[in-house]
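Annotated features, as they stand in TrEMBL:
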- 1-24: signal peptide (SIGNAL)
- 257-308: domain 'LRRCT' (DOMAIN)
- 312-332: transmembrane segment (TRANSMEM)
Amino acid sequence: MSPSTHWLIFLQYSFMSLSGPVQACYKACTCLPDLKYINCSGGNISAAVSSFPSNTEHLDLSRNLLTTLPPGCFGALWGLKVLLLSTNNITSMAGGAFVNLQSLQKLDLSGNQIGALGDAFALGLGSLSHLVLARNRLTALESGSFRNLDGLARLDLSANLIGQIRAGAFGGATSLRRLHLEGNRLRALEPGFFSTLHALEVLGLRGNTIGRVEPGVLAPLPSLAFLDLSFNQLSGLHYKTLLAMRAPVTHVLLEGNPWHCDCELQRVFHKLARVRRIFLDDYRDLRCSEPAELRGRAVAEVDGELCVGETVTVLILTVTVLITVVASVIMAEKSKRSGEAKDEESGPLEAYCDH
Ligand SMILES: *[C@@H]1O[C@H](CO)[C@@H](O)[C@H](O)[C@H]1NC(C)=O
Ligand SMILES: *[C@@H]1O[C@H](CO)[C@@H](O)[C@H](O)[C@H]1NC(C)=O
Ligand SMILES: *[C@@H]1O[C@H](CO)[C@@H](O)[C@H](O)[C@H]1NC(C)=O
């Protein structure tokens with residue numbers, strides 16, 4: 001007997017046995033009257049079933065034993081608004097697995113083993129506003145991964161293994177306001193990653209290995225109010241990279257990066273401090289990683305010293321140039337004087353001759 005037939009029989013059986021004075025529900029589930037709310041969390045369910053009533057609005061299948069989601073496996077739950085599938089053992093979702101769930105607003109797939117998002121996994125999810133894919137095994141976001149998700153406002157991809165984001169990966173999700181990519185394996189932010197996310201307000205990138213943020217990558221984000229780049233591998237930053245953000249106010253977190261404390265870094269932070277729309281909220285917590293003699297010191301504390309060496313060099317150069325200039329002026333003056341003296345000497349002679 002296949003697991004799904006097994007489950008169907010279970011369902012029917014429990015319906016019969018529980019009908020009567022007790023509210024009818026499925027075995028290992030709890031339900032609210034009229035079955036709009038069904039909670040089957042922790043119910044040992046191993047195959048997705050399509051026999052829930054079509055007026056169900058909230059279906060909790062978390063902490064079960066589901067491994068695959070075949071096409072159309074949830075049947076015609078036209079009214080379903082919340083579907084919780086977290087902490088199962090789902091490895092793959094067929095294209096169209098959620099087709100017909102046209103009212104679905106929240107889909108939680110966190111804590112599974114999903115390694116890739118098929119091209120059409122989100123087919124039919126035009127109303128979805130909140131998608132949680134945290135704690136899976138995603139390694140890359142392909143172009144068009146979030147196609148069909150026109151209404152998506154929150155996307156949680158934290159704690160996966162994402163090292164690659166292809167251009168246009170977020171192409172379909174133009175309404176996105178919060179994007180969580182914390183705890184992944186991103187090494188660089190390349191232009192084009194976020195180019196269509198005009199509504200994005202929160203971008204969480206904490207705990208990746210980002211060492212390079214290309215100038216311009218944050219420029220297409222006119223609504224960005226919060227950018228978390230803490231605990232990455234940044235040793236420096238281009239002034240223009242953050243300046244390119246055009247939102248009225250953006251709060252930025254940069255703690256836990258291995259900052260290379262030199263005059264260049266001081267200049268960047270000094271210039272950013274004067275930009276009124278950008279707030280470096282954790283500036284006081286930034287620590288130097290290099291050079292060795294400054295390791296562990298607070299950036300804010302050594303900030304004033306970083307350009308001292310350069311200032312001295314500049315001073316020496318200036319003084320040298322000044323001395324050269326003064327010397328040449330004096331030399332010129334001297335030679336002019338000696339020329340004049342000769343003129344004086346010859347003067348009376350000429351006068352004499354004229355006479
Ligand atoms: C759903 O059922 C599980 C197991 O019975 C329970 O632990 C959980 O609290 C329930 N969820 C809600 C939201 O009531
Ligand atoms: C799930 O299966 C385990 C092991 O077979 C069993 O101990 C547990 O009682 C089952 N839980 C439910 C809700 O049926
Ligand atoms: C989940 O799947 C993996 C392999 O696919 C298996 O080793 C593991 O036992 C499964 N866990 C559960 C709770 O079924």
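Sequential numbering from 1, following the chain as shown.
Backbone N, Cα and C define each Cβ position, glycine as well.
Remember, it's a predicted structure, so these values are computed and weren't measured experimentally.
Residue counts for the domain 'LRRCT' (257-308) by DSSP state, with H, G and I taken as helix and E and B as strand, are 25 helix, 10 strand, 17 coil. Mean model confidence of the domain 'LRRCT' (257-308) amounts to 92 (pLDDT, 0 to 100 scale).
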